[in-house]
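Noted in TrEMBL for the protein shown:
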- 1-23: signal peptide (SIGNAL)
- Cys47-Cys105: disulfide bond (DISULFID)
- 47-69: domain 'Glycoside hydrolase family 19 catalytic' (DOMAIN)
- Glu91: active site, proton donor (ACT_SITE)
- 156-166: domain 'Glycoside hydrolase family 19 catalytic' (DOMAIN)
- Cys211-Cys243: disulfide bond (DISULFID)
Amino acid sequence: MKFNVSPVALSCLFFLFLTETLAQNAGSIVTRELFEQMLSFRNNDVCPGKGFYTYDAFIAAANSFPAFGTTGDDTARKKEMAAFFGQTSHETNGGAAGTFTGGYCFVRQIDQSERYYGRGPIQLTHQSNYERAGQGIGVGQDLVNNPDLVATDPIISFKTAIWFWMTAQDNKPSCHVVITGQWTPSPADTAANRVPGYGVITNIINGRFECGMGQNDAVESRIGFYRRYCGMLNVPTGENLDCYNQRNFAQG
């Protein structure tokens, strides 16, 4: 049986598809206005990264990862945005301790003695991560050959952060599957006290230096930013926010 569909009908269907897609992306949760409220300190004169992190760059990067900020119900999607910005705000914090308002102040790590020092929202470090990130975002060896692209091109900078967020590595799940409730701990995870929640994301990102050693200021900072953004998005934080009693992934 053959169906004839008019060009007008096809145009309408495409418009509805496009509208639904745009309605579900990260920008539908983190609007330009909210982005500016969350990260208002980033353009302070004291910030070395003043003017670098823009909303348009964030949206352009986010749209390259279809599942980012679009997975699950409204609560899950908002929690993912709060968690992503909570972790990256800690990584780039330039504000006073305990205020949780100084995120996205820095682009570059203060200690730049190594070529592949931390850059961008996630403070991407180590040559292996630059290589994998370059392959993951479609620029091949460009980041290995010129790691400063992560500190000079804001779209690439955001893309590397979101790539890290979305990508499982070695025995670590991705931050994305954890915060969207899709991660089930393995027996090894259970034995290491790694349980679903924001705390295991800290373990994924920097567990070697922050997890399994009791309460510390770095983990408290990550939690503080997350709580602030959850409040702004009117979404619960969930349980298991810290990693104080978790063995880090490098220990198995």
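Using N, Cα and C of the backbone, Cβ positions are placed for all residues, glycine too.
Curation plays no part in TrEMBL annotations; they are all automatic predictions.
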Chain residues in Cβ proximity to the domain 'Glycoside hydrolase family 19 catalytic' (47-69) (below 8 Å; excluding those fewer than six residues from its ends, i.e. six or more beyond): 25-27, 29-30, 32, 35-36, 39, 41, 77, 80-81, 92, 94, 104-108, 121, 137, 154-159, 161-163, 165-166, 176
Cα-Cα distance linking Cys211 (disulfide bond) and Cys47 (disulfide bond), given in Å to the nearest integer: 28
Of Cys47, Cys105, Cys243 (the disulfide-bonded residues), the residue whose Cβ has the fewest other Cβ atoms within 10 Å: Cys47
Rounded to the nearest Å - Cα separation of Glu91 (active site, proton donor) and Cys105 (disulfide bond): 9
Listed recorded positions (Glu91, Cys211), ranked by Cβ neighbours within 10 Å, top entry: Cys211
Per-state residue totals over the domain 'Glycoside hydrolase family 19 catalytic' (156-166) - DSSP helix, strand, coil: 11 helix, 0 strand, 0 coil
